[in-house]
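What TrEMBL says about this one:
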- 55-94: repeat 'WD' (REPEAT)
- 95-135: repeat 'WD' (REPEAT)
- 136-175: repeat 'WD' (REPEAT)
- 176-215: repeat 'WD' (REPEAT)
- 216-246: repeat 'WD' (REPEAT)
- 257-296: repeat 'WD' (REPEAT)
Amino acid sequence: MDKPLADTSHAPTRNKLSRTAVVIKVCLSPTHIIVSLDDATIRVFSATGEPRGVLQGHDKNTWSLALQDDMLLSGEIGGDIRCWDLDTGRLERSMTGHTKTVRCLGFVDSGTAISASSDTTLKIWDLGSGACKTTFSGHTSTIRALVFTEELAISGDGDGTCLVWSLPQHRRLATLTGHSAAICSIAFDGQRIFTGSADQDVRVWDTTTETCVFVMKGHTSLVTHVQIHDNLLVTSGADGRIVVWSREDYGLLHIIHQAHEFGVVSLEAENGYVLSGSSDGTVKLWHLESATLVGAVGKKAEAVWMAGFGKGQHENIVVALKEDDAFLDVWPFSP
């Protein structure tokens, strides 16, 4: 059994979320932890785990969340997006236009949001008015992954196609094809795009030439996450593996073959550590450079839905898990 990272003198702040509901999404910021459940509610906590309230306004379950300061965006499976003021808990406005699940959501800047949907479109929104400014069409299946800057949006779909968009010019810049199955995760370092796919590969794309310059092979099942950390790339898969690559020459540096018994559902690389959560019910902390285990975070649960590092000044680890009930645990952590 893996050595626990936290002992009984450092118990987590624990909140019961539900007896029967399942956690769909967790969003972390320097001031808040936001949890959406499959009972159509959104639960709000402080960054250290104190309950702040429950948001009720969606008719359907919330699939995506984005948080900036005290403004929360939530996207539901019906296609609607809600904008909330977390100071008051008030629903400020609803934004309609998507016809299916809003799978990805984010703030481009303080007044602009971006969304990607199972209806195959991306939309740009004016947060002041709630109006849709631009709709990007070009995908032929569900958009499953999205990264963006103020200039570019990069989206990957269920067919394995990656599209690059200019946000200022409102047009498509590139179509990247090569994957034979769905793109599940995307990372972007400003020059290169890294895509992880259900075809087991990670592809590296040059944005200047619009070509695939390397194919990384280290997984035996779909690639669930792709994360950039300094000069490294960290990937995880449904095979339970965590793989560390050089971002300079794309060389394979470490494979943790049995990081988890089942698939990795949550991965985050930060400050020289990798935090991974799995459907096997475990959360583990790893040294990134050596790919060695620091320890397990808490005891084994029935399932883990999410694990992440606290943001801002709060040094903690946040875990959404299922035992008999659904819980949110916030563990103290000093790297």
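Glycine is treated like the rest: Cβ placed from N, Cα and C.
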Other parts of the chain folded back onto the repeat 'WD' (176-215), taken as Cβ under 8 Å at six or more residues beyond its ends: 141, 144-147, 149, 152, 154-164, 221-228, 233, 235, 237, 245, 247, 250
Answer yes if the repeat 'WD' (216-246) and the repeat 'WD' (136-175) have at least three CB pairs under 8 Å among residue pairs 6 or more apart in sequence, and no otherwise. no
Under an 8 Å Cβ to Cβ limit, what residues of the same chain, 6 or more beyond the ends of the repeat 'WD' (136-175), are close to it? 100-101, 103-104, 106, 108-109, 114, 116-118, 120-124, 181-188, 190, 193, 195, 197-199, 205, 207, 210
Structural state census, the repeat 'WD' (136-175) (DSSP three-state): 0 helix, 24 strand, 16 coil
